[in-house]
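Listed in TrEMBL:
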- 7-27: transmembrane segment (TRANSMEM)
- 39-57: transmembrane segment (TRANSMEM)
- 124-141: transmembrane segment (TRANSMEM)
- 153-173: transmembrane segment (TRANSMEM)
- 228-255: transmembrane segment (TRANSMEM)
- 261-277: transmembrane segment (TRANSMEM)
- 289-310: transmembrane segment (TRANSMEM)
Amino acid sequence: MNKIEKWILVSLLISLVSGLIVVIYTFDSNTLSSLMQIKPGYILAAACVHALSYVVWGMRTRSLCKALGFDISYAKACEIVTSSTLAASITPSSLGGEPLRIHLLHEENMPLGRATAVVLGERILDGIFILVLAPLSIYVIRGVLKDSYFDAMFIFAELVLIFILFLTLYAVWKPEPTKKVVYLIVRKLAPLLGKKTDSALEKVILRVDSEFEHFHDSISILLNEGRLGLAIGIFQTMAFWFVDFSMLYVILLGLNQHPDPFIVFAAQVIVMVLLIIPATPGSSGVAEFAGTTAFSLFIPSSLLGIAVIAWRAFTFYMNLFVGGFVSFRILKDTDFIKNFLK
């Protein structure tokens, strides 16, 4: 069993065990009768909605690339983002997807610094969007939920997200101090990675310096000449999350539930903040239990486990399948992913 298979197995095992616990905990006499009344058309529609989120995501990546002067096709952009969902699904906080997307953009003749600017730019846009919605979501949720433990988890996760965003923004606006920190890290890690000679270490530092300049210049371009592309990227970020959050509502329609859409969206914002905590690969387990807590606000207990399983079927299992298929069958990025997971 290779490294990728082990990571996938661990992620699946945690998710399956967590899902089973949720189902057992929420199962009652009404669950079976509710299952018999499921509308398959809506479940299929939910899968299509999630697939549409890949397309919107790809469009955003393409817009940010164009803003930096690099034109890639819609198909290639969608391939890149879907491929990264595999690595994201088997790494804590979904952080594995970013290096793979940077690698794939670099293979499209984009400098590493600019590819990094695109990918981190997406992460920053997502983080800012979720942070902006978080207080509004708390306001909506607080009206129906009184749970001090959940509040503590949410506050901790939001502080982690704010800290990560602060570090990223600081790296953009103050590149020189950041480069010094990066140089220090490189000097400490280089001997462990085999870069023991002074000449080899010098090459590594020069490469880091070059790519950091590319990254900083790219962010500057996005904020100046590429403002139109950035504005489009912001709009597409809102569209992406609207589409992705709509999927759960469609699932609930298939389960003959008609909750308030605002509560459905607010609960998912809360869950997204909690998933920032780097606890497990692909947030397996954390997502199931956080979803169970948040979704219990508007889903009957008899259907709660089924709804959480269906939600994870698309946000986790579908990502694993689609990401794996695109990575290994279309883009053939097996070697890069194996090396990344070593």
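Quick reminder: no glycine exception, Cβ is built from N, Cα and C everywhere.
Note that the coordinates shown come from a computational prediction; the quantities given were computed from them, not determined experimentally.
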Remote residues contacting the transmembrane segment (39-57) - C-beta distance under 8 A, at least 6 residues beyond either end: 74, 78, 81-82, 85, 236, 239-240, 243-244, 246-248, 250-251, 253-256, 310, 314-315, 318, 322
Touch test for the transmembrane segment (228-255) and the transmembrane segment (289-310), at least 3 Cβ pairs under 8 Å: yes
